Amino acid sequence: MARTKQTARKSTGGKAPRKQLATKAARKSAPATGGVKKPHRFRPGTVALREIRRYQKSTELLIRKLPFQRLVREIAQDFKTDLRFQSSAVAALQEAAEAYLVGLFEDTNLCAIHAKRVTIMPKDIQLARRIRGERA
């Protein structure tokens, strides 16, 4: 590994760490009471980044099939009663809906980044849809 030049830094003037003799020794020798292990927690954002990578790699549908099918049938009821759907038609609708949502969230994220934020907000979705020409 290449050696890098170290630059001098100003000391912050913090206190030197004190030695803890009695308390640490007592803590180490004492048996663990209860024995309940604290559940492991990742730092905020770690799991979110892992999920982003996982879902960007995958191609499977993210909305469950039956709830989506019920939604399609419920919306179709407003136009005509007793409509029947081929399973491939519902699958095509679901593919299109998920592709639309993914694209909308990508544009929404760009709007949030443009506003120097990392959190998306409803106003970002509204701006993305307005720029796309979907809503005046």
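Each Cβ is built from the backbone N, Cα and C atoms, and glycine gets one as well.
The candidates are LYS10, LYS57; Swiss-Prot tags LYS10 with the feature N6-methylated lysine. Swiss-Prot marks one residue of LYS28, LYS80 as N6-methylated lysine, namely LYS28. LYS5 (N6-methylated lysine) and LYS37 (N6-methylated lysine) have their C-alpha atoms 44 Å apart, to the nearest angstrom. Ranking the modified residues LYS5, LYS37 by C-beta neighbours within 10 Å puts LYS37 at the top.
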